[in-house]
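Accompanying notes for the structure given below.
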Amino acid sequence: MSEKIYEYKDENNWFIGKMTGHNLISGWGVKHTTIKKIDDLLDGIAATLDWENPKGYDVSVVRYQSPLSLITFIIDMINQETQREIKVTPHAGTILLIENAKLLAVYLPEGGVSTATFFATSEQGFGDIILIATRNEGKTKEFRNLFGQLGYRVENLNDYPELPEVAETGTTFEENARLKAETISRLTGKMVLADDSGLKVDALGGLPGVWSARFSGPDATDAKNNTKLLHELAMVFDQKKRSAQFHTTLVVAAPNKDSLVMEAEWPGYIATQPKGENGFGYDPVFIVGETGRHAAELEADQKNQLSHRGQAVRKLMEVFPAWQAKQS
C-alpha cells in the first residue's frame with residue numbers, strides 16, 4: 001500500500017484518509033452510530049492483513065452530512081490501492097456496492113426502504129436509469145459523464161420520440177424545470193430529471209437568463225447566441241463589469257412524490273472573443289472565475305468538477321437517497 005493521503009472536501013463533507021490503517025473511521029464530524037454502520041458495511045471489503053502490515057482504510061471525518069459521499073470516498077481509496085473495480089450505486093434509497101456484477105453489500109437509510117420500491121420491476125429505479133428531460137445531446141453528455149461516475153445509465157427524450165415537446169413558459173429557472181420534469185414524469189410514469197440552465201450577465205440585468213437558448217431569436221444557434229452576447233457587451237471594456245454566472249436548477253420528479261429541487265451557480269466573466277473547442281452553449285465566451293481560462297478550454301472531467309451543473313448534481317446526490325426512500 002502507498003503512503004498517499006486522500007482528501008475529499010465540499011460544503012457539507014470533509015474526509016481525509018490513507019490505506020495503511022486497520023479499517024477505522026474517526027473524527028468529530030460524525031456520530032458514533034453512523035461510523036459503526038458504515039464501518040460494518042466496509043470492514044469485510046478492505047482486508048487489513050495483520051497488525052504489522054496493515055492494508056485497511058484509516059479515515060478522519062472533519063465534516064459530515066452524506067453517507068454516499070463517505071462510502072464513495074473510502075471505496076475510491078480501496079479501488080485505487082488494490083486495483084479493484086467496486087462500484088457505488090445509489091438505488092431506491094439504498095447504496096449498493098457491486099463488483100464484477102456481484103452485490104457485495106447494501107447500505108440502508110434509517111427506517112429502511114419498502115420492498116416494493118427496492119424490487120420494483122419498472123424502470124423507475126434511479127440507480128439503474130435516469131431519464132433526462134432534454135433532446136440536447138451536449139447537455140445529455142454532461143449528465144451522462146456526471147451520473148456515469150455514480151453508476152447510473154442515462155437516457156434522454158431522443159430515446160422517446162413519441163413524447164411531446166414541453167413548452168418552457170415559465171419566467172424562472174425553477175418553473176421551467178418543474179414543467180419539464182413533472183410533465184414527462186406524468187406521461188411516462190418514470191423518474192425524470194429536468195434542468196433549466198442559463199447565463200446571467202450582470203451588465204445586462206441578468207439576461208439572457210431563462211431565454212439563454214433563444215437569445216438570438218427563434219432560429220438561435222450557439223454561435224448566433226455568442227455573437228449577440230458579445231455585441232451587447234461591445235462597449236463594456238472593464239472585465240470586472242463583464243461579470244456573469246452560469247445558473248442551473250435541477251428538478252427530479254416521480255409519481256406520487258413531491259419534486260426535489262436543487263440549484264447552483266458558477267461565477268465568471270464574459271470574454272471579448274470566443275476561445276476553446278470543448279463544451280457547448282456559451283462555454284467559448286465564459287471565463288472561469290479568476291483563472292483566465294474559458295469554459296470551452298476545459299476537459300469534461302475538469303468542467304464537471306467546477307460547473308454549475310456538476311455542483312447541482314453533487315448537491316442533489318447528497319439528499320437524493322433520503323428523498324427517494326421517503327414515502328409520499
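Note: Cβ is positioned from N, Cα and C throughout, glycine not excepted.
Note that this is a predicted model, so its numbers are computed, not measured.
If you check Swiss-Prot, you get these features:
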ACT_SITE  Asp196  active site, proton acceptor
BINDING   Thr134, Arg135, Asn136, Glu137, Gly138, Lys139, Ser197, Phe280, Gly281, Tyr282, Asp283, Lys303, His308, Arg309  substrate binding site
BINDING   Asp196  Mg(2+) binding site
REGION    1-129  region 'Unknown'
REGION    130-324  region 'NTP pyrophosphatase'
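Overlay of Swiss-Prot annotations on the structure.
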| residue | record | DSSP class |
| --- | --- | --- |
| Thr134 | substrate binding site | coil |
| Asp196 | active site, proton acceptor | strand |
| Gly281 | substrate binding site | coil |
| His308 | substrate binding site | helix |
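The residues of the region 'Unknown' (1-129), classed with DSSP into helix (H, G, I), strand (E, B) and coil, number 32 helix, 44 strand, 53 coil. Summary: among the binding-site residues (Asn136, Ser197), the fewest other C-beta atoms within 10 A of the C-beta are counted at Asn136. Sorting the binding-site residues Gly138, Gly281 by the number of other Cβ atoms within 10 Å puts Gly281 first. For Gly281 (substrate binding site) paired with the residue listed as 'active site, proton acceptor', the C-alpha to C-alpha distance reads 13 Å. Across the residues annotated as binding substrate (Thr134, Arg135, Asn136, Glu137, Gly138, Lys139, Ser197, Phe280, Gly281, Tyr282, Asp283, Lys303, His308, Arg309), the widest Cα-Cα separation comes to 21 Å.
All chains included, 22 other C-beta atoms sit within 10 angstroms of the C-beta of His308 (substrate binding site). The shortest Cα-Cα distance between Asp196 (active site, proton acceptor) and any of the binding-site residues Thr134, Asn136, Gly138, Asp283 is the one to Thr134.
In sequence order, Thr140, Asn156, Leu157, Lys180, Ala194, Asp195 constitute the residues six or more apart from Thr134 (substrate binding site) in its chain with CB-CB distances below 8 Å. Remark: Asp283 (substrate binding site) has Gly276, His294, Ala295, Ala296 as non-local neighbours, by Cβ distance under 8 Å and separation of at least 6 in sequence.
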